[in-house]
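Asks: Pasting the relevant annotations from TrEMBL:
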DOMAIN    4-401  domain 'Enolpyruvate transferase'
BINDING   Lys10, Ser11, Arg15, Ser155, Ser156, Gln157, Ser182, Asp296, Asn319, Lys323  3-phosphoshikimate binding site
BINDING   Lys10, Arg109, Gln157, Arg327, Arg368, Lys393  phosphoenolpyruvate binding site
ACT_SITE  Asp296  active site, proton acceptor
Amino acid sequence: MPVVDIPGSKSLTARALFLAAAADGVTTLLRPLRSDDTEGFAEGLTRLGYRVGRTPGTWQVDGRPQGPAVTEADVHCRDGATTARFLPALAATGHGTYRFDASAQMRRRPLLPLTRALRDLGVDLRHEAAEGHHPLTVRAAGVEGGAVTLDAGQSSQYLTALLLLGPLTRRGLRVTVTDLVSAPYVEITIAMMRAFGVEVRRDGDVFVVPPGGYRATTYAIEPDASTAGYFFAAAALTGGEVTVPGLGKGALQGDLAFVDVLRRMGARAEVAADRTTVRGTGRLDGITVNMRDISDTMPTLAALAPFASGPVRIEDVANTRVKECDRLEACAENLRRLGVAVSTGPDWIEIRPGRPVGTDVKTYGDHRVVMSFAVTGLRVPGITYDDPGCVRKTFPGFHEAFAELRGRLPR
Ligand SMILES: O=C(O)C1=C[C@@H](OP(=O)(O)O)[C@@H](O)[C@H](O)C1
Ligand SMILES: C=C(OP(=O)(O)O)C(=O)O
């Protein structure tokens, strides 16, 4: 019975780094994720003058409630949207001029609702080229706070950035949200703020954050639920069994609900107190599923879909078009290259049952494209990738870990 140790959550690690940097005192993070996204976040903090001590399995951050320790910084956010969207908000709490830039794809990804809201809160923020895109410069003088309206229909990360900023403003924050995708990520934010001593009040679409700052703590990072999804899908496809310790009933991450999707398709799934097990049954039914809340698992399901006995239709995932690539089209294109019939609309994809044949997967530099089609590769010989290394964004050791699992699953 394979037990798989999954590396720490990207989303929790990024939030924990923000909260630790802003807190009063020294915070210890246990089992943080070491990957390009989270190391980019930590390096961004270092550039802003925060001390981040990194030893294997434990990171320590000296909090600075007063904001960055330097008056000038140039921060490269790499390909990570958490870094690119959360760090400008943190920088605004200081006093100085902070410039942010990012990868070519991250420069293309949207940001405008967040930067507008920051301006509404009194932040002097200027875009260098296109309005609502990196690169941008924050001329920080502390943040007044107040009331803003936010459209988070394209990314919940705008709301998370504002909520994280809330306790660091002079007057606190009141955010009225007109639309919201990926809602479980906001629940992660609120739960983690609570662990650092702040209670967000929510009344329907209105979020109220009191001023007063964060308290340092010791915080253990859960394994990454989106990453675990590839391993659960592997069990469902091969008729094997995979157990992931550390992700159970109390888990913060909404993406663990991917096991409910696998269960609806015919797999057995048990979410226990501190671990989750998925067992394949030889049955994989077609399904229609709304993935608005858990869209990082859309490619995982798309790559598994040809093996289902009926069509798989994934709905309400428009915002997967503005991720590391246009994921809807990248999945469709690669499924077609595998010989599978697929159609897409503005916010949906439908995959027909098929007999995939090996191909060179076009990754578009997207870690999830690679990790998803690795699941297909368990049953289809000859799958290669034009950029296998892009898994470094969230799981540098993915290929080794997945090959190891493969050897322990039924052939
Ligand atoms: O807040 C977070 O940590 C994340 C939120 C989600 O993004 P969107 O809210 O943009 O969908 C998710 O896709 C991303 O991988 C991580
Ligand atoms: C969309 C993702 O990342 P981010 O938006 O944080 O760059 C992801 O990891 O799938």
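Using N, Cα and C of the backbone, Cβ positions are placed for all residues, glycine too.
In TrEMBL, annotation is done automatically, which means it is predicted and not curated.
Note that the coordinates shown come from a computational prediction; the quantities given were computed from them, not determined experimentally.
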Asks: Around the C-beta of Arg368 (phosphoenolpyruvate binding site), how many further C-beta atoms are within 10 angstroms, looking at every protein chain?
Replies: 29
Asks: Near Asp296 (active site, proton acceptor), which of the binding-site residues Lys10, Arg15, Arg109, Ser156, Ser182, Arg368 can be found within 10 Å, Cα to Cα?
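Replies: The binding-site residues passing the 10 Å Cα test are Ser182, Arg368.
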Asks: Give me the CA-CA distance between Arg109 (phosphoenolpyruvate binding site) and Arg15 (3-phosphoshikimate binding site), in Å, as a whole number.
Replies: 20
Asks: Name the one residue among Lys10, Arg15, Ser156, Ser182, Asn319 whose Cα is closest in three-dimensional space to that of Arg327 (phosphoenolpyruvate binding site); these are the binding-site residues.
Replies: Asn319
Asks: What count of other C-beta atoms do you get within 10 angstroms of the C-beta of Lys10 (3-phosphoshikimate binding site), across all chains shown?
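Replies: Looking across every protein chain shown, the total is 27.
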Asks: Going by C-alpha distance, which of the binding-site residues Gln157, Arg368, Lys393 is nearest to Lys10 (3-phosphoshikimate binding site)?
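Replies: Closest by Cα distance to Lys10 (3-phosphoshikimate binding site) among the binding-site residues Gln157, Arg368, Lys393: Lys393.
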Asks: Roughly how many Å separate the Cα of Arg15 (3-phosphoshikimate binding site) from that of Gln157 (phosphoenolpyruvate binding site), to the nearest whole number?
Replies: 11
Asks: Would you count the other C-beta atoms found within 10 angstroms of the C-beta of Ser182 (3-phosphoshikimate binding site) for me?
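Replies: Ser182 (3-phosphoshikimate binding site): 24 neighbouring Cβ atoms within 10 Å.
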Asks: Measuring CA to CA, name the entry from the binding-site residues Gln157, Arg368, Lys393 that ends up nearest Ser182 (3-phosphoshikimate binding site).
Replies: Gln157
Asks: With the Cβ under 6 Å from ligand 2 as the test, give me the qualifying entries from the recorded positions Arg15, Ser156, Ser182, Asp296, Asn319, Arg368.
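Replies: From Arg15, Ser156, Ser182, Asp296, Asn319, Arg368, counting a Cβ under 6 Å from ligand 2 as near, the near ones are Asp296, Arg368.
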Asks: Between Gln157 (phosphoenolpyruvate binding site) and Asn319 (3-phosphoshikimate binding site), what C-alpha distance do you get in Å?
Replies: 12
Asks: Out of Arg15, Arg109, Ser156, Gln157, Lys393, which binding-site residues have CB atoms lying under 6 Å from ligand 1?
Replies: Ser156, Gln157
Asks: Mind giving me a neighbour count for Gln157 (phosphoenolpyruvate binding site)? Other Cβ atoms within 10 Å of its Cβ, every protein chain shown.
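Replies: Gln157 (phosphoenolpyruvate binding site): 24 neighbouring Cβ atoms within 10 Å.
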Asks: Cα-Cα, whole number of Å: Arg368 (phosphoenolpyruvate binding site) versus Asn319 (3-phosphoshikimate binding site)?
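Replies: Arg368 (phosphoenolpyruvate binding site) to Asn319 (3-phosphoshikimate binding site), Cα-Cα distance: 15 Å.
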